[in-house]
Amino acid sequence: MTRSLKTTLILLASSVISMSALAEFKQAPLPYATNALQPAIDQQTMEIHYGKHHKAYVDNLNAQIKTYPELDKTDLIQLQKQISKYNTAVRNNGGGHFNHTFFWESLAATNKTGQPSPALVKQITQDFGSLDAFKQKFNEAASGRFGSGWAWLIVTPNGKLAVTSTPNQDNPLMDLSETKGTPLLGLDVWEHAYYLKYQNRRADYIKAFWSVVNWNKVNERYNEAIKK
């Protein structure tokens with residue numbers, strides 16, 4: 001074997017090893033059983049939404065690592081904050097992976113939802129007038145999002161709370177988001193999130209959502225956000 005051929009084979013092997021060693025984004029297990037959110041969200045919807053839709057976002061995002069090797073060293077939150085550097089596939093699937101991971105953690109069985117903390121209620125009252133007024137504004141954002149997208153409660157850079165919505169799989173962490181902030185609560189209003197149970201009745205899905213909001217997690221996120 002000539003030295004040049006041997007060198008080529010070594011470099012090729014090194015490249016293969018390097019590619020196979022790239023870290024992949026992982027889909028975390030659901031923090032509850034797929035039937036835990038019934039009757040608000042039915043088991044079949046959860047199985048398809050988590051097991052097929054969310055999984056597809058993770059798989060498709062990992063497929064982009066070959067195009068952008070630096071992704072294997074980028075965590076999911078950091079990816080959102082620099083999403084404009086990447087192509088549409090990374091934006092859609094990276095956003096989809098983050099949004100769904102965030103969404104699952106935003107939900108809990110009705111006996112484990114908790115309540116908004118006094119500190120959060122105080123800020124909600126200051127920025128929206130009351131908890132009910134906040135929910136109404138959030139409902140309007142969710143129902144008013146044309147087509148597919150998300151509704152969000154965020155902490156803005158100036159420390160105030162705001163309700164916003166994003167199209168497709170965008171989110172407020174993205175550097176190209178029209179309204180930026182740290183998300184505390186998000187609602188998926190893509191049809192795949194509710195159509196099996198609610199068909200075209202998005203308003204009924206939004207109403208049911210409030211019975212499974214994980215306020216314990218929202219409180220935790222708020223406490224972290226105001227420290228920054």
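A Cβ is built for glycine as well, from the same backbone N, Cα and C atoms used for every other residue.
These come from Swiss-Prot:
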type: BINDING; residues: His49, His100, Asp188, His192; note: Mn(2+) binding site
type: SIGNAL; residues: 1-23; note: signal peptide
* Check His49 (Mn(2+) binding site) against DSSP and tell me helix, strand or coil, would you? => helix
* Judged by the number of other CB atoms within 10 angstroms, which among His49, His100, His192 is the least packed of the binding-site residues? -> His192
* Remaining residues near the recorded Mn(2+) site, that is with C-beta within 8 Å of the centroid of the site residues His49, His100, Asp188, His192 -> Tyr50, His53, His54, Phe103, Trp190, Ala193
* Number of other Cβ atoms within 10 Å of the Cβ of Asp188 (Mn(2+) binding site) across all protein chains -> 25
